[in-house]
Every structure is written in C-alpha cells, then in structure tokens.
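Trainee: The following block contains the structure, expressed as structure tokens.
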Amino acid sequence: AALAVLCGSAAAVVVWKWLGKRQIEKKMEEARWTRDEGVKKMAKAVQQFREQVPHDQTDAILSLPLLELAGRLQEGSLSPKTVLYTYLEKALAVTQQTNCLRHFIPECEEQLQEIQQQKEKGLLYGIPVSIKDHISHKGHLVTCGLLQCLGTPVQEDSILVKVLKKQGAIPFAMTNVPQSLFNYDCSNSIFGQTLNPFNHQKSPGGSSGGEGALIAGGGSILGIGSDVGGSIRLPSSFCGLCGLKPTANRIRVWHTHLFHVDVCSHPNSVPCALGPMARDVDSLALCMKALLCPEMFRLDPTVPPIPFNEGVYSSTAPLRVGYYDTDGYFPLPPCMRRAVQETKGALQAAGHTLVPFSPPRIHYVMNELFVRAFFADGGHAWLDVFTGDIIDPSLKPQVNICKIPRLGKKLLALILKPLVSPWSQAPGRVVSVKEMWNHHHQIEVYRTEFIARWRELQLDVVLCPILGPAFTKGYPGKLLTAISSTMLYNVLNFPAGVVPVSTVTEADEEELKLYQGCCDDPWDRTLKQAVAGAVGLPVAVQCVALPWQEELCLRLMKEVETLSREK
C-alpha cells in the first residue's frame with residue numbers, strides 16, 4: 001500500500017509538472033500567434049497599398065539618408081504614406097530573414113493621419129521609427145522576452161514615444177530583445193533568436209539586437225534602444241551602425257517596463273540610458289535635436305532643459321583627443337585594436353591632437369563597482385523574473401552562476417581558478433544599507449578620479465575600442481566579462497557612441513589565430529572562437545565625452561565617420 005501511494009504521488013508530480021510546462025508553452029504559442037497575425041495584417045495592408053502605388057520609388061526612398069529623407073518629406077516631394085509603406089514592406093522582408101520584429105504597431109496608420117492634421121511639421125515629420133520592445137507604446141505589450149510580461153497591454157505611451165509623435169515621427173514596429181534584457185545576444189524563449197543580417201551564424205548583439213538587425217537590414221531608418229552595459233553600442237558594433245548612449249538623464253526612462261527600471265537600471269548607481277541608433281551620425285544628431293525639445297521638458301520636468309547645441313556639433317575647431325586601444329581588462333581581437341590605431345592616425349593627419357590615455361583601475365570597476373551594482377542582492381531579483389518561465393539557452397551560463405550559493409562560488413573560485421569567471425569570485429552581494437551607501441560613494445569617488453585624469457590631460461573627448469566583431473550566436477552568454485569596453489562608461493555615466501570604420505580582413509583573421517588575450521586562459525580562447533569567421537563584418541570604434549556633452553561626443557563621431565569614409 002505504501003509503495004502504491006509513493007508511486008501515485010510520483011505520478012501526480014510528473015503530471016503536475018507536465019501540465020505546468022504545457023501551460024507555459026500554450027502562453028508562448030498564443031504570443032507567437034498574435035505576432036504572426038500582426039505580420040499577416042501588415043503584409044496585407046502593404047499589398048493593398050502596392051496595388052495603388054507601384055514600386056517605382058522603393059529603392060530611391062530606402063537609399064536616402066535620414067536628413068535628406070526628412071527634407072523631402074518637409075518640402076512635400078515625398079508623402080509620409082509612401083515612405084511608411086516602403087519601410088513596412090522592407091521591414092517585413094528583413095524580419096523574415098532575421099526574426100528581428102517582436103510586433104508591428106498597426107496604430108502607425110492612425111499616426112499617419114494625425115501628423116497631417118498638425119499645424120506645424122515636426123523635425124521628424126513622416127519618419128518611420130522603430131522602438132525596442134520594452135519602450136511603452138499604448139495598446140501594446142512590453143515583454144522583455146519574459147513569460148510573466150505577457151499580460152496586460154500598457155495604457156499610455158511612454159514620454160519618449162509622445163515626443164517622437166509630437167515631432168511627426170511614426171512609430172511602426174517594436175523589436176526583439178534577449179530574455180530579461182540582461183544579455184548582449186538577442187534570443188528569448190517566446191519569440192526566438194534574432195540573426196545578424198550580414199551573417200546568419202552571428203548575433204546582432206544585444207540587448208537592442210532587434211533594432212540592430214532591422215536598421216542594418218534596411219527595414220528602419222531610425223531606432224530607439226536602451227543601454228545599461230552596452231546595449232545600444234554592442235548591437236551598433238556587431239551590425240555596423242552608429243549608436244549613441246547619452247548621459248542617462250538627458251532622455252529619461254519614464255514608462256518603460258518596471259522590471260528593467262527597477263532591476264537593471266539602478267538609477268542611483270549604474271543608470272539606464274535611452275538613445276538613437278541609425279546608419280549615420282547626422283541621423284543621431286537629428287534625433288537628439290528632435291527629442292531635446294520643449295515638449296520633452298514639459299512632459300518630464302526631471303530632464304534638464306538643455307536643448308541640442310548645434311554650434312558644438314557643427315564646429316570645425318581641432319579637438320584634443322585621448323586614446324587607448326586596450327583597457328587592460330579583457331584584450332579585444334586584433335581588428336578592433338587596429339581600428340583604433342588607424343582612426344588615431346587619421347585624426348592626427350586631419351589636424352587633431354592625440355594624447356595617450358589610460359582608464360584608471362579598470363579591474364576594480366568591473367569586479368567591484370559593476371558587479372555590486374547589478375547583483376547587490378546576490379542576483380535574487382533577477383532570478384525571480386524567470387519564475388514559471390523557460391530559461392533561454394543563451395542565458396543559462398549566467399543564470400547557473402547566479403544560482404550557486406555565495407560559499408559555493410568562493411569554493412569554486414579557489415578550486416577551479418582560472419577556469420571560472422572572475423565575476424564568480426567577486427563579492428557581488430551588498431549585505432547592509434550602509435554598505436550600499438558606501439558602494440554609491442565609491443562610484444562617485446571613482447568618477448571624480450576619472451574626470452581629474454581627463455582634466456589633467458586637457459582632453460575634449462576620448463577615442464577607444466568597442467567589443468566586436470559580431471559574436472557567433474550563443475557566445476555572448478558565455479562572455480559577460482568581455483563588456484568592460486562599454487560597461488566602464490555606464491558606471492561613469494558618460495555619453496558614448498559607436499561608429500563603424502572598417503571591416504574584418506583576411507589578415508585580421510590570420511592575426512586572430514595568434515591571439516592569446518591576457519594569459520591564453522579559457523576566457524581568451526572562448527573570445528577567439530566567438531569572433532572567428534568574421535571576414536567582411538563591420539569593425540567599429542567608440543567615442544566618449546564628459547557628462548551632458550552629447551554634442552561633443554557626436555562631433556568626434558562625425559569626424560571619425562567622415563575620415564573613415566574618405567579612406
């Protein structure tokens with residue numbers, strides 16, 4: 001009898017688990033069905049439009065830079081409807097290839113009517129804009145790639161979306177993200193893996209990876225991403241785009257998903273920033289100019305009312321540029337260091353002053369300041385968001401490390417060093433309020449030290465490397481430690497942008513075979529595997545300015561872009 005009860009209990013547990021899993025799968029299937037139905041409806045709308053308007057202008061419209069497209073829309077030589085449907089059609093083709101869209105925004109047709117009623121044409125009049133999944137748009141879900149977020153659609157546009165619409169832009173698509181946003185790959189268990197449009201074996205980067213793939217594939221001309229560790233800059237690097245992470249409060253993160261704000265952005269230590277992604281630097285500047293307007297300052301009084309300074313961006317005065325090609329924490333592949341050295345040479349030849357610069361105490365920033373900011377509670381809040389969810393394979397390495405008890409991590413670090421990530425040895429958890437206050441203070445002390453070194457050298461801006469080229473799918477989750485090049489400027493809260501300057505050559509690929517990183521340990525060998533087979537893929541550099549000096553950052557980016565195109 002006891003055996004029968006035991007067997008019955010075991011069978012009940014198995015059935016209960018199976019039913020739970022089936023319920024999860026059903027919820028995911030419903031979300032995918034909704035997405036696919038939206039795609040079908042948009043494809044039908046595009047087809048109906050094409051029956052009235054032929055493809056004559058398609059290639060011409062898609063090839064126009066944003067500034068030129070905006071000018072043509074303003075003067076009336078192109079209609080917003082033709083531009084919108086041209087980009088909808090292209091976005092359908094790109095997402096079919098790369099799985100970059102999470103959902104079309106059918107209300108874009110209402111916005112099309114709305115802008116024609118506006119008394120004044122905004123700076124982005126008639127421009128189709130894509131937005132990252134977690135930026136709220138009325139009537140749509142904000143999923144963060146998580147099952148628990150497949151509930152109620154948001155009731156109000158985020159401030160960012162309201163300002164875009166006020167400036168005449170037409171938000172038309174929401175793009176895919178990695179599960180929980182805490183990954184620089186772009187895959188989740190609900191909507192699947194987004195692919196790099198240049199090579200489908202490669203990742204588009206993350207967490208704004210859907211934006212990266214859609215814009216690089218030609219399906220959007222301007223997108224809005226977010227960045228708390230490199231999430232705008234890494235997809236820009238992997239996909240050959242220009243992307244800007246502003247100072248966090250220059251454009252506020254109001255009405256995005258609460259998980260992202262509360263768990264990922266840490267407003268008091270390592271803040272999240274929203275910013276533009278596009279095909280050229282002028283597009284980023286136009287977007288910033290449009291967003292930094294009286295409507296933004298009226299809707300969000302916590303945003304400093306600092307309009308875009310066109311004079312700084314357009315200046316031709318020589319710059320004093322600090323530079324480094326490695327931060328000494330995680331040596332990047334040879335092609336990324338080559339890009340910095342070539343750009344440094346081009347800037348010098350153009351009359352700018354280049355000064356060697358070395359970021360102070362980078363190991364301390366990554367192993368102490370960053371880890372304590374993100375895992376102050378030992379990672380429990382982050383792990384909680386996966387409750388009742390299927391964890392995406394690309395995130396499993398990070399989740400598994402987080403699940404190990406603190407004592408277990410210390411023992412593993414002692415036994416397996418250097419085979420375990422340096423972050424599994426880091427203290428992570430903050431055990432008291434006093435310790436949390438002290439951590440915030442340490443970040444301020446470091447920021448002061450960094451600015452003092454910058455001032456000593458009388459720098460205007462800094463040129464430095466960015467992680468790349470594009471990783472093979474699945475590798476970003478194994479190499480979270482590799483993001484020191486971007487994470488540093490989230491901890492500092494400095495504006496930082498990415499510009500493509502070159503592509504991976506056969507010579508770069510040969511040199512990669514000799515790459516040993518710091519000490520040819522498992523992390524260095526994993527990086528080597530991640531970036532192998534990248535001939536022809538984009539190679540970028542990173543440009544940085546002091547807080548609130550986005551225009552100066554963009555100025556350096558524009559100079560770098562111009563010189564690389566001339567070359």
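The backbone N, Cα and C atoms fix where each Cβ goes, glycine too.
All annotation found in TrEMBL is predicted automatically rather than curated by experts.
Quantities reported herein were computed from a predicted structural model and do not represent experimental measurements.
Marked as active site, charge relay system by TrEMBL: Lys132, Ser207. Residues or ranges marked as active site, acyl-ester intermediate by TrEMBL: Ser231. Per TrEMBL, substrate binding site is recorded for Leu181, Ser207, Val228, Gly229, Gly230, Ser231. Taken from TrEMBL, the feature domain 'Amidase' covers 83-554.
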Trainee: Including all protein chains displayed, how many Cβ atoms other than that of Gly229 (substrate binding site) lie within 10 Å of its Cβ?
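Mentor: That number is 26.
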Trainee: Looking at the recorded positions Ser207, Gly230, which one has the fewest other Cβ atoms within 10 Å of its own Cβ?
Mentor: Gly230
Trainee: For the C-alpha pair, I'd like the distance in angstrom between the residue listed as 'active site, acyl-ester intermediate' and Lys132 (active site, charge relay system), rounded off.
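Mentor: Checking the Cα atoms of the residue listed as 'active site, acyl-ester intermediate' and Lys132 (active site, charge relay system) gives a distance of 11 Å.
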Trainee: Can you tell me how far the Cα of Gly230 (substrate binding site) sits from the Cα of Ser207 (active site, charge relay system), in Å?
Mentor: 8
Trainee: Taking the Cβ of Leu181 (substrate binding site) as the centre, how many other Cβ atoms fall within a 10 Å radius?
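Mentor: Leu181 (substrate binding site): 28 neighbouring Cβ atoms within 10 Å.
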Trainee: Of these recorded positions, Lys132, Val228, Ser231, which scores lowest on Cβ atoms within 10 Å?
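Mentor: With the recorded positions Lys132, Val228, Ser231, fewest surrounding Cβ atoms within 10 Å: Val228.
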Trainee: Take the C-alpha atoms of Ser207 (active site, charge relay system) and Leu181 (substrate binding site) and report the distance between them in angstrom, rounded.
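Mentor: Counting only the Cα atoms, the answer is 5 Å.
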Trainee: How many Å separate the Cα atoms of Leu181 (substrate binding site) and Lys132 (active site, charge relay system)?
Mentor: 11
Trainee: May I ask for the distance between Lys132 (active site, charge relay system) and Gly229 (substrate binding site), taken between their Cα atoms and rounded to an integer number of Å?
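Mentor: Here the two Cα atoms lie 16 Å apart.
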